[in-house]
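J.: Residues annotated as domain 'Response regulatory' in TrEMBL: B:7-123. Per TrEMBL, the feature 4-aspartylphosphate maps to B:D56.
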Amino acid sequence: MEDYKKTISELIRKHMVVLGPNIALAVARKIPALKLADNGDALEIAGDPKAALAAVADAYITFAGEISVMLLGSVTGEYHGH
Amino acid sequence: MEGDNKTILIIEDEPQQREALQTAFERGGYRVEVAADGDEGLRKVREHMPCVVLLDLLMPVLDGFAFLEALNGDAALKRIPVVVLTNLTEREKTKAAMDPAKDYFFTKTNHTLEDIVGKVKHVCLRGDS
Amino acid sequence: MCAVTIAGAVFLFGDSGPVVIVGVLGLAVLSALTLWLLRQNDAQIDRILAAHKEMASTLQSRDARLNQKAYQSAISKEISDRISSSPDVSETLEIIAGSLGAILDYSAVSYMVLEKNGTILFKCHLEIAVNAAFMESVKRAMLDALKLVHDASFKEEDIKTAHFGAMLDESAKEPMRSFFNVPMLVDGALVGMVNVASVKPDAYGEADAGILYGVVAQAGVMTTKIKHLIAEETNKVNAMLASISEGLIMIGHEEKVVIVNKRAKEILDIVKQDGEVLLLDVIQALYGKFDFRGFADQVLQSNKMEIFPELLLQKTFFKVIATPVRDRTGHTIGVVFVFSDITKEKEVDKMKSEFISITSHQLRTPLSSMKWFLEMLVNGDLGAMTEKQASVVLDIYNSNERIIMLVNDLLDVSRMESGKVVLEPTPTNLADFIKSMLPEVNQNFVKRKQTFEFVKPDTLPRIAIDPKLIWQALANLLTNASKYTPEGGKIKLRLALDAKNILIEVSDNGFGIPEFQKNRIFEKFFRADNTAKQEGTGLGLYIVKEIIEASGGIIWFESMEGKGTTFSFTLPLEGSKPNKIV
């Protein structure tokens, strides 16, 4: 669970830098399962964390296209090994 | 007599043509020396110092071109006029080896023996002065 | 569907321990999604636009919605027009930035372009006066985003800043309170970014940003497509160039070597491991053998193809053909040089020459023997002959003469056709020259008891012609005139001068040329019906025409059967150029 929160937070934060904080948060806030802080941190995930990550990633990609794919890649690539 | 018994040298490898020319010139009053190739020709030129050389081009041992070069390159010989008699169309190549001041070029098939004897008379006379 | 792909990634995620797979996942997801996206660019854009349409439809004002639609179509059209003619990123971003005023309210719109040399162009359009700190915030926001995506650091000196519109005013105190960035990607790489910033807080929502994202994404896709198209075409051309057997070099603007194919490099022996081939390299390779630059200038000046017939490079002979290259509008954009190996041709040429040379000699040797012996017989040098014998021998002699003439003509034609006959012009006084040569043909007139008249102007300028060839032509015409005029007839040779040419006329009052055969007179082997069957080869006039035309003149005739014929030809006052008769 914690890893997912970290990943999601990271994703949102990166989008805040790129998209601008307002819009990034607005997009992420549309995911009902997520409870977010104003700085983008994922405070709580309701239900399946996998689904939540998928949903927020999808929402960003739908909104911003390729750039989000790149950001998603950079986020998930950051955690190496155990 | 026309030729005044002057010596001319005929360098021609084809026996029939050599014979025809020799007959024509002897009738014309010239002393005729003959050679069958350029090498023999050079020897005879030195030996007899003719007043004109009739030269064929295509010959064995030493051909006409080489003969011309040797002749015109030799201080003692280069004043001797040469009448090139040939059936080749190599005018350009020959011209390079000839000395325009004294040498002549005739295509055999285009001139009768009479023409040639006449031309030689003209050349030989000139050579006198 | 995006979800499926994500599900796939998540699936991987769920299979083994999360931490291990995350590393692999990163790569897998990135590549899979990137690939998927690239393949479905249009679908993606449509989806983004559709999603935003949804958002847009929630907007209150119908006008705002229409405005956005209009904006989108207008800007999309403009961008696509511009991109297809010049996919320049900064131009594209400039258009986009410039157009945003239609739908967004902002304090500043800026864009950054990542140039190839590593610098960043940062342009900021200020709608209202702001202070330096504001602009700095914008710059920061963009750089932060760039760093995130591009993964490189930028030094301050790498950034070139420019701002337009309103002034920087330190008294303007408002800071940047909201912004959003739209990065532009081409071919999967970041090339630039647009930033919209405002002093107002929460100025921008999803809908606003969404439109812009759609437009920029579309621009990115289009530019990518065009880049690929260009790359594809370039590859095709390169493949073609690599495969042709001739050496090809094209020089474009500012003397840049635009094209140089492998064969050209081989021919010129230019070995360049890396780096481009420069004009200097080419000039050096051809130094002393071929003035490359000079020749290019010549082509540009004459604006047509020029040929350099023979160039020896590394023991091989080449023909160089240079021609101007024009773009669609007809402007000359460069010169292309083709180096063509003519070794084979030269060999064939050599064989032809040798053949002609040998054949002429072989044919003529027996002919000249026969000629002289027959001469001796006829002259009685080999003893007296009976009248009958003498008559026969004379016939044989004449036949032999005819064969000799035929061989001469054949050889002339053969040499002309092989380009062996070279015109050697030299300044000649035509009148004097002709006078000196007339004795050669006078025999004919005397024999046939014909009168001959030579008319010429008092003075005639010297012109550059090849005298021996011109005499060959003229002698032919004079001999023909005599031949085809009955005994006692009249032949006249007239020279005249006009503004551009010397005119030469040979006229006779002979048999003339039959009407229906006039157009074939200059054909090879053609003989008019009323000519004596025994003489003539049919090649004479063909040769005459070739000589006159190669000398720069024209030839024609007038004739009436039973009355006479006049052949006329001109020779240009400006003279003949040295060339081959072909």
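Heads up, the Cβ atoms here are built off N, Cα and C, so glycines get one too.
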J.: Can you check what DSSP calls B:D56 (4-aspartylphosphate), collapsed to helix, strand or coil?
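T.: DSSP call for B:D56 (4-aspartylphosphate): coil, neither helix nor strand.
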J.: Looking only at the domain 'Response regulatory' (B:7-123), what is the mean pLDDT?
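T.: Reported value for the domain 'Response regulatory' (B:7-123) is a mean pLDDT of 87.
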J.: Report the DSSP secondary-structure composition of the domain 'Response regulatory' (B:7-123) as helix, strand and coil residue counts.
T.: 54 helix, 23 strand, 40 coil
J.: What is the Cβ neighbour count of B:D56 (4-aspartylphosphate) at a 10 Å cut-off, with all protein chains included?
T.: 27
